[in-house]
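Features as listed in TrEMBL:
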type     : residues  : note
DOMAIN   : B:74-279  : domain 'ABC transmembrane type-1'
TRANSMEM : B:21-46   : transmembrane segment
TRANSMEM : B:78-99   : transmembrane segment
TRANSMEM : B:111-136 : transmembrane segment
TRANSMEM : B:148-168 : transmembrane segment
TRANSMEM : B:194-214 : transmembrane segment
TRANSMEM : B:261-283 : transmembrane segment
Amino acid sequence: MSTATALKTLIDIRDLDLYYGTYHALKKVSMTIPEKAVTAFIGPSGCGKSTLLRTLNRMNDMIIGTRIEGKVEIAGTDIYSNEVDVETLRKKVGMVFQQPNPFPKSIYDNIAYGPRLHGTRSKSQLDEIVEQSLKQAVLWDEVKDYLKRSAFSLSGGQQQRLCIARALAVNPDILLMDEATSALDPISTLKIEELVQELKHRYTIVMVTHNMHQAARVSDQTVFFLNGEVVEFDNTETLFSNPSDKRTEDYITGRFG
Amino acid sequence: MSILQDANRKQISNRRKVDMTLHILFLIATSIGIIALMALLIQIMMDGLSRLNLELFTNYPSRMAAKAGMKSAIVGSIYMVLIMAPISFILGVGAAIYLEEYAKKSAFTRLIQLNISTLAGVPSIVYGILGLTIFVRGLALERSLLSGALTMTLLVLPIIIVSAQEAIRAVPKARRDASFALGATKWQTVSRSVLPSAISSILTGVILALSRAIGETAPLVMIGALTFVAFLPESIMDQFTVMPIQIFNWVSRPQLAFHELAAAGIIVLLALLIIMNISAVMLRNKYQKNV
């Protein structure tokens, strides 16, 4: 309990409504996400958890017909205001996708892609970033002798850790993970879960998962979504052991979803 | 009765007969095309091989078959492609990038799209008329190499645009997402993620379009490329001829010797086309290895 109060709020979402055309995908969503902790979004398919995740780095902007009402503040700044450049936002809020999606380039160039976008040219600086990022993603020892090899030569789990390293290379504060382990085998999944435990000391992590056990294992806070609404938001331990809403209880005990 | 013995063997044998009949029909359909092509090639080889010598490449056209060559036509064709290639690449790929990545999907862009697809099927002579009106007369470029190259650029543009669009569309959305999620702008995403993935297919499309232009005659006849050019173009404003026009000229003469020359010319043209197609395949393989 004490941890939850000690943590500082980093992301503040207030009365957020999101529409895809006429479809009301998120309904009056409000929550605060604490700094340097893992927050998990759970819920059945189509409940809006991925949609909310994608509003945090404005990837929804690219879907035609998306309309947003309400506020999303990160560190006190409304990310949908004119003062925020979406490029800067996405640099600060990194994202890892469901399917590992490395570029058809070398391992080195995959990691260097982000820093190069933002203007880092110096070879020694890039070398340093590549090494640090791969070390943080616990991939360095496996690939340090093959940095020039294609990223496609890696296994699925290694590719996903490469994508995490690539996201870390632009020095974000927040890392969004959209069902990042659902395409991986159990051992690779475990490695990524361990990695998340490491990374939360330096980064704020928000993960979408449809694996409740993963949320219970990895996260500090859990948010349960249903039909575009937040049903319950609490410390993971409390939410799983003593849910206050009947629907949450039904979902985590496997009665639906 | 064993489970593997079916009482209805007659029905199965009928199904197999249908299978076999269609197999043979498809084989015949394929063979007709190949046999016709082989017959054509053999005919041309028999006619032309005796004339396929160094003089064909070093001599200018002449009224005497013994002295005639197609130096000016070969050089004209090569120059034309060298002028066309960069212009049609930049315009075609630029249009494809705009339509696929930047344009909003509105009724207007759908109309443009429909127009481009239709233009790819417009008879080439129509482009000749267009080139005559715009380049030869309108811009007063006269019957120059530049007029010819620009006209041919118009002819191949729709083909290049459509094939480049397909190549760009084939790049997985996940690769764009990965780039955008790192804070890339649209152009950074297009230039660093989309184009490197699509470039081999784009280049293949461009080369195939250019090889179509090399074989085209009608638009150039329309804009007035000459059939008898006894000099090499020294600037892009000079008059010129190209291989298919030279071949057409030789074929239309009554003497047998000129028909042999025409056959030799066709062999050279075919060889050039095969080289271009092979280089398209090699380019594709080279880039695919890097992927």
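Heads up, the Cβ atoms here are built off N, Cα and C, so glycines get one too.
Note: TrEMBL annotation is automatic and uncurated.
When Cβ-Cβ distances below 8 Å are used as the criterion, the transmembrane segment (B:111-136) is approached by residues 95, 99, 103, 142-143, 146-148, 150-152, 154-155, 157-159, 161-162, 216, 218-224 of the same chain, each at least six residues removed from its ends. Sequence-distant contacts of the transmembrane segment (B:194-214), counting only residues of its own chain at least 6 positions beyond either end whose CB sits under 8 Å from a CB of the stretch, comprise 77, 80-81, 84-85, 88-89, 92-93, 96-97, 101, 152, 155-156, 159-160, 163-164, 166-168, 170-171, 175-176, 242-244, 269, 272-273, 276-277, 279-281, 283-284, 286-288, 291.
The stretch from B:21-46, B:78-99, B:148-168 with the most CB pairs below 8 A to the transmembrane segment (B:261-283) is B:21-46.
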